[in-house]
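The structure appears below as structure tokens.
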Amino acid sequence: MSGEPPNPSSYANVMPMLGGRHSHWSPQDLEEQDFSPYGTFPPSPTVSTETSSSIASTRPRVNPRIVSDAILGLSDGLTVPFALSAGLSALGNSRVVVVGGLAELVAGAISMGLGGYVGSRSEVESYEATVRETKNLVKASPMETMNIIRQVFAPYNLPDEPVARMSHILYNSPEKLLDFLLTFHHKESKPGCNQAWISAITLALGYFIGGFIPLIPYFMVDQVLVALYYSIGIMIFTLLVFGYVKTCVVRGWTGKENIVAGIKGGLQMVVVGGLAAGASIALARAINPTGGALF
């Protein structure tokens, strides 16, 4: 795609692929026409400074992928370590709860980070493979490429003339054509160069921070049962707030429906965390009813 633009004669050979009664028009005829009233593409450099600045000010400043990874890490961290610490508390030894909880936190954070890194690297490799396939397609089969462009515009029922002109412009601009096919045909966006590391760190930190919260009472209270009650109270509040925030980040913060949805999201997180902790405690007591040492 970085070489010379395709020969105009190639375009002449694929023009009939665009179909319609005007497929006999030459590229020169198409370039002389004014199709601006159709407004298929937004006018590029004519947007006023005030409008562009207001649009820029309303755009989110945080990468949505980072928010998604943070929510995923916190969600798992607030549930799994809490359930583990609650289950270990049935053994009656706060040292076991602290050591086991910290060990699970470290192992879980590393696992989450590695999973995020491998997943992001797979996305990058998939994108690079799609780019190579698209370049080879454009180079080897101009007619199929033009047919793909026509299929992209087909759902909009545009007239033949502007479609033919835009196809001609794209075909003679290799970089724009590649970007067009990746965006509208393959529906893929270029991953960030550091996305894999950012995703890994975000997931790991989210998991560790979320999982450390239920362990705090065990550092401060000697009696395991009292620490468990404090941990349960803290986690009910934390899960409720987290579920509310997680829901409102997606739906919005204002409006009765969004507020109700946020409350439901918080209650769902409390129910999920409570079920996980209850199951863990029940299993620990079933295995070791006396609460003493297992071995």
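Every residue gets a Cβ built from N, Cα and C, even glycine.
Taken from TrEMBL, the feature region 'Disordered' applies to 22-60.
The annotation transmembrane segment is assigned in TrEMBL to 196-221 (among others).
Feature annotation from TrEMBL assigns transmembrane segment to 227-245 (among others).
The transmembrane segment annotation in TrEMBL covers 266-287 (among others). Counting residues 6+ beyond its ends, the transmembrane segment (266-287) has Cβ neighbours under 8 Å at 75, 78-80, 82-84, 86-91, 232, 235-236, 239-244, 246-247, 294 in the same chain.
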Looking only at residues six or more beyond either end of the transmembrane segment (227-245), which have a C-beta under 8 A from one in the stretch?
74-75, 78, 82, 85-86, 89, 94, 97, 210, 213-218, 220-221, 262-263, 265-270, 272-274, 277
